[in-house]
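A short write-up of the structure that comes next.
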Amino acid sequence: MPPHKWTDETRDASCYYADADDAANRRHPSSSSLDDDDDDDDADDEQEAFCAGDRPLIRDGGGAAAAGVEGRDSCGLKTRHIFGLMGFLGFAVVYAMRVNLSVAIVAMVNQTAIPHSNGSVVDDDTCPMPEPGRNDSGHRMPEGEFVWDEATQGLVLGSFFYGYVLTQVPGGRMAELIGGKLIYGYGVLVTAIFTLLTPLAARWDLPLLILVRILEGMGEGVTYPAMHAMLAHWIPPLERNKFAAIVYAGSNIGTVISMPLAGWLCSLDFLGGWPSAFYIFGLLGILWFVCWMYLVYDRPSLHPRISIKEREYIERSLRTQSLISQTADEEEDEEEEAGDGDAGVRLRHGDMDENIPWRSLLTSVPLWAILLTQCGQGWAFYTQLTELPTYMSNILHFDIQSNALLNAVPYLTAWFVGIACSTLADWMLARRYISLVNSYKLWNTVASVVPSLGLIGIIYVGCDWVWVTFMLAGVGSFGGAVYAGNQMNHIALSPRYAGTMYGITNSAANICGFLAPYVIGLIINHRETLTQWHIVFWLAAALNIGGNFIYLIFASAEEQSWSRAARPARSSRAPLRA
């Protein structure tokens with residue numbers, strides 16, 4: 001009988017194929033034949049190789065069993081890798097459309113027409129103007145056409161997130177019910193269409209611009225929960241950390257590319273300057289949508305071009321994980337039956353409809369732990385994403401191209417660190433050096449505390465732009481460890497409701513997307529001084545570290561009882577056939 005903790009999603013399924021099947025055969029002799037044809041011949045070889053530390057994603061050996069599909073597998077690029085690539089590019093595009101306003105607003109606003117209250121502050125509370133040539137690209141842009149003070153700019157930057165939080169939970173639930181392909185794809189398409197309309201709305205009326213940004217946020221809001229639901233169907237358990245790190249890191253790459261590109265486009269006369277940043281990225285979003293609809297499907301069993309070997313590998317990995325979890329659950333059922341004859345029946349058969357256990361979800365302490373740490377991380381993230389370009393421009397006096405380039409570097413380093421941490425996390429879990437819950441806590445702490453120290457470091461380095469860049473791109477890059485932290489925790493708590501749960505937590509976290517710019521606008525309030533900005537950085541660091549502290553106390557990696565109760569009976573777990 002496998003240990004109870006082997007229900008963790010990161011335990012390599014093949015390391016306990018034999019134990020799982022033996023346990024299932026003892027409890028369900030009649031059902032064991034469902035798995036015999038697929039698993040019996042391969043289990044021993046896979047168990048020996050995988051448990052020895054050799055963990056190929058798919059065994060590509062030849063032989064009669066592989067006849068007919070070997071040619072389709074020989075290229076090495078699997079169907080799930082294409083899915084991952086398209087997901088990566090999707091997040092790159094939507095983040096490019098999300099952050100371009102953070103850069104473009106520097107060119108859109110006429111800063112000299114805005115009254116400032118810095119006349120009464122002491123000289124050492126502001127940064128001196130740079131020497132000519134230090135960070136000047138040589139191209140001076142004309143003043144922007146909009147007179148928006150800091151509070152108005154915060155409202156414009158934050159309006160995206162009013163819509164973004166509204167569609168998180170509906171997007172996750174719709175992806176669970178009808179599949180993530182359409183939800184994710186049309187979410188990107190809607191975002192692209194309203195990105196194209198942004199320049200027209202800005203010049204027409206400020207309230208119309210805010211409305212367009214809200215609608216754009218509603219489109220993008222479904223993307224993360226929809227992808228989370230798709231990962232639960234497409235990715236074997238021990239590939240999830242690395243796979244999710246690569247897919248979700250598209251947001252980092254989109255930011256890395258879009259920030260300097262938007263800054264460059266804003267400095268040109270092409271398509272009117274700053275409007276070109278919205279036109280280019282909007283068209284890319286539409287092009288991506290066409291490719292996504294052709295290449296990606298909701299599940300392996302629905303994909304017409306996936307190889308039989310890959311489909312069976314994915315389904316066997318996911319089925320084995322569920323089988324072991326169910327076997328452990330039935331032991332608990334038997335113990336409950338000893339004290340209550342009806343309890344085991346209720347748990348075993350469960351609620352087979354599609355109703356979400358909302359009360360259980362909203363009272364789940366581990367889910368609240370994820371939500372609160374994501375809120376802290378979200379506040380720090382959006383402080384950096386939406387406000388640092390303004391800080392670099394108004395405090396450190398960088399021109400828009402240098403500003404955009406330096407603000408993009410932290411997202412590039414965070415991408416590398418995120419993949420490295422996720423790879424290390426998977427390796428430690430595969431070697432069983434650490435339990436799943438402790439792995440989540442370790443990497444979540446790295447992702448929360450270390451970047452917070454970088455924000456605090458910005459306070460102490462003052463106007464030294466080299467050290468500011470190091471604090472953001474060096475120390476702050478460890479925020480990428482979040483992919484091995486709380487990001488996959490939802491699937492561990494409930495594979496069945498992972499999309500809905502991610503929608504709940506991501507919705508709460510992205511409330512910070514409009515609260516942070518608004519609060520920061522109130523803190524600055526026409527006072528562009530180091531003291532005021534130091535308050536901004538202290539606040540972000542404190543919320544980030546505080547959220548992680550709560551996560552350390554209450555996080556869990558065990559599948560929750562309300563998720564197990566809703567799991568279908570074992571007879572429905574037979575291998576899916578295309």
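Glycine too: its Cβ is placed from the backbone N, Cα and C atoms.
Look at TrEMBL and you will find 34-46, 328-340 tagged as compositional bias 'Acidic residues'. Look at TrEMBL and you will find 133-142 tagged as compositional bias 'Basic and acidic residues'. The domain 'Major facilitator superfamily (MFS) profile' annotation in TrEMBL covers 82-559. As annotated by TrEMBL, region 'Disordered' applies to 17-46, 119-142, 324-347. Annotated transmembrane segment per TrEMBL: 82-109, 183-202, 208-231, 243-265, 277-297, 361-382, 408-430, 442-461, 467-485, 497-523, 535-554, in sequence order.
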Are the transmembrane segment (467-485) and the transmembrane segment (408-430) close enough that 3 or more Cβ pairs fall under 8 Å, when only pairs 6 or more apart in sequence count?
yes
Chain residues outside the transmembrane segment (277-297) and at least six past its termini with a C-beta under 8 angstroms from it:
82-83, 86-87, 89-90, 93-94, 96-97, 100, 103-104, 181, 184-186, 188-189, 191-193, 195-196, 198-199, 258, 261-262, 265-266, 271, 303-304
Going through 183-202, 467-485, 497-523 one by one, which has the most CB pairs that fall under 8 Å from the transmembrane segment (243-265)?
467-485
Which range out of 183-202, 361-382, 442-461, 467-485 gives the transmembrane segment (497-523) the most CB pairs under 8 Å?
361-382
Over the domain 'Major facilitator superfamily (MFS) profile' (82-559), what does the predicted model average in pLDDT?
81
Sort out the residues at least 6 away from either end of the transmembrane segment (208-231), same chain, that have Cβ-Cβ distances under 8 Å to it, and list them.
83, 87, 90-91, 94, 97-98, 101, 155-156, 159-172, 174-176, 179-181, 183-184, 186-191, 193-195, 197-198, 201-202, 240, 243-244, 247-248, 298, 490-491, 498-500, 502-503, 506-507, 510
